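Written below as C-alpha cells is the structure these notes are about.
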C-alpha cells in the first residue's frame, strides 16, 4: 500500500474535529490557532524495546499513545491535537494496521484529541512517535512543591512492571489481570488532572518509577520529599513479594500515574473530587525544607533503598 | 550513558533562546505561549531507508532535520521550536552522538529554531523523528493556485536522487559535488519563503518529486498545472542523461525545494527578492482552468510521462 492510500484508508475521516485546527492532514504542515499556551510532549515506542514482537496493533497503539498523553495529564493540560510518526516493516499486515488505527481513533475520541498530522515511513522495526499537544493557561510544573505540602499519587504502582514477564513469554493467565491492564491499557487520570489542577503546587508523571520521578520534583523545587513506604499503593499482590514487589512499585517504570503535591488545606477538596471521578488517590508523605532529594521512611525510620531508579536509555 | 546524562551533555545549554518558550526541556512537557497561529510538521528518518548505515552523526542530523524544516518553508512559516525523538542502538559511539548534536545545534542557530523537548530511546536502528513548529499569520497553502498564475520552483531538481548511488556504494568522487550537497545538506529556501509569502497564491515542498507534488497543488486547488519540461532547472549533468535525468529531476525525490504559484504581475517583485537573497528561482509553466492535474509539455506538445511519481511508503 502506498503512503497516501494508507493515510486515506486508515487515518482520514475520523469524526473528532476541532475548530482551532485550521488545516489538518493534507498540506505540508498542520495549522493550529489558539491564544491559550500550548503544552507539548513527544514519546517513542519501539518494537522489542517498549512492546514485544507479537503485540497486536491495538496494543502497540496503547503503548505508544498513552505515555505521551500521560505527560499532558502531568501538566494538567487539556488534550488538543497530536501528530503520529509511524515507521513500519514492509510485511506489516493490513489487519495489524487496521487494529492499530482503530485503537488510536478510539483514544482520540475518548480523550478528545484530534489527529492533525504525521509521517509514515518504512523501517525494519515498528517504531511509533506520538507528539501530543494540549492547552493550559496555568500548567502545573515540577518546580512548585512547597514545604508542608502533602505528597499524593494516583492509581497503583508497579503493575505494568510486574506484567513484563507475562507479556514477554510467561503464561499471561498466571498474571494478575490488574498488572496486564496496567501494561497494555492503563487508565490515565486525564479528567482528574484537569479538574484538580487549581489545588496543586507541583506534579509529574511517574512513568520512570516514583523513585526517580519524585527526585525530579525534589530537585526542581529545591525541597525534600519524605515518603512512607507503608503508604504506597502497590499493585495487587506486590506487597506479598517483599522487597522485590517494592522495587517494582518504586522503579519498575511504566506507571502512567501522577505524583503531585498540594497544601494540607486542600485534602478534603482533592478527596471529594477524586471520589466523584472514581479516581484512586493516596497520600504517601510530606514535603519538607532541606536538601533537595527524596527521603524514604520504613516504620518511621529513614532508610536507604538498595537499588537505582529505572533507566530507559 | 543514561538518558538524563545524554540530554544534559549533548542537548542542554544551547545558546538560542525564545521568550515564547515558557518551559523547555526539563518538565513533563514544553510550554509555548504565542497568539500567532502555529504551523507544525513531523518527519522521520530511518537508518537504511533514509540514510545509509555508515552515515556520520552530522549527515544524519541533516537528513532528519532539513525535510521537516522544508515543510515550514512551504507554508512560509517562521521557524520557532522543534522536538527531537532520537532512537539509537546500544553501541552508538559518543563521537557519533557529538557529531549529530553539533550539527543539529548548528541548524538550530542558522534557522533560529529552538530545541524545546523530545525523547530518547533504544532501538536496533537509528531512527530520528523531528517535529518542527513555526508561526505564520497567513500560511501559504496548496489550495490557493489560480488560473493564470505562473508556476515557479526554487533551486534545482534531481541532485539528491542522482547522489543516491554515490552515497550507497559508488565512489563519491565520481559524483557531481552539487548532487552530494543536495543529498547531505540542501540549502533550504527558508528566508526566501518568509519574504516572498505575500506574493504567493500556493506553495508546496517538492520532497516527493515535482511530478507528485505539483499534482497535490493541482488537486487541492482544482486547477491544471501546465509545465514545460524544457524550463525545468535540472541539477548539473542531468540534462545530458536524457529521460533518465528527467526522471530523477521529476520523481527522484528528496528535493527540499519549493514549487509555488503567483500572479504574473508579481514576477518582477519575486525575481528582485530572489536576486537579493541569491536564491535561484525558475518559472516552469502556467496554471490553467480545467480538470485538476498536471499537463507536461515537451516543445509545445502535451506528452505523457512514462513512469510513476516517487513513493516513500
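A Cβ is built for glycine as well, from the same backbone N, Cα and C atoms used for every other residue.
The DSSP secondary structure for residue B:205 (Mg(2+) 3 binding site) is strand. Per TrEMBL, Mg(2+) 3 binding site is recorded for B:28, B:71, B:205.
Positions annotated as Mg(2+) 4 binding site by TrEMBL: B:28, B:41, B:71. DSSP assigns residue B:41 (Mg(2+) 4 binding site) to a strand segment in the three-state reduction. Long-range Cβ proximity for residue B:41 (Mg(2+) 4 binding site), meaning a same-chain Cβ under 8 A and a gap of 6 or more residues, is found for B:68, B:71, B:72, B:131, B:132.
The Mg(2+) 1 binding site annotation in TrEMBL covers B:42, B:43, B:119. Cβ neighbour count for residue B:42 (Mg(2+) 1 binding site): 27 (other Cβ atoms within 10 Å of its Cβ, all protein chains included).
Sequence annotations record features per position, and here TrEMBL assigns Mg(2+) 2 binding site to B:43, B:71. DSSP classifies residue B:71 (Mg(2+) 3 binding site) as helix under the three-state reduction.
The substrate binding site feature in TrEMBL is assigned to B:50, B:254, B:310. For the recorded site, residue B:50 (substrate binding site), the DSSP three-state label reads coil. Around residue B:50 (substrate binding site), taking its Cβ as the centre, 22 other Cβ atoms fall within 10 Å, counting all chains.
Annotation comment: TrEMBL describes B:118, B:119, B:142, B:207 as ATP binding site. DSSP classifies residue B:118 (ATP binding site) as strand under the three-state reduction.
The Mg(2+) 5 binding site annotation in TrEMBL covers B:208.
If you look up TrEMBL, you'll see B:26-134 marked as domain 'PurM-like N-terminal'.
TrEMBL lists B:146-291 with the feature domain 'PurM-like C-terminal'.
Counting only residues at least six positions away in the same chain, the Cβ atoms of B:67, B:70, B:213, B:253, B:254, B:255, B:256 sit under 8 Å from the Cβ of residue B:207 (ATP binding site).
Applying an 8 A CB threshold to same-chain residues 6+ apart, the list for residue B:118 (ATP binding site) reads B:11, B:25, B:83, B:84, B:85, B:86. Comparing Cβ neighbour counts within 10 Å across the binding-site residues B:28, B:71, B:119, B:208, the minimum falls on B:208.
When Cβ neighbours within 10 Å are tallied across all protein chains shown, the highest count among the binding-site residues B:43, B:205, B:254 belongs to B:205. Its own atom aside, the Cβ of residue B:142 (ATP binding site) has 24 Cβ atoms within 10 angstroms in the protein chains shown. With an 8 Å limit on C-beta distances, the binding-site residues from B:43, B:50, B:207, B:208, B:254 that reach chain A are B:43, B:50.
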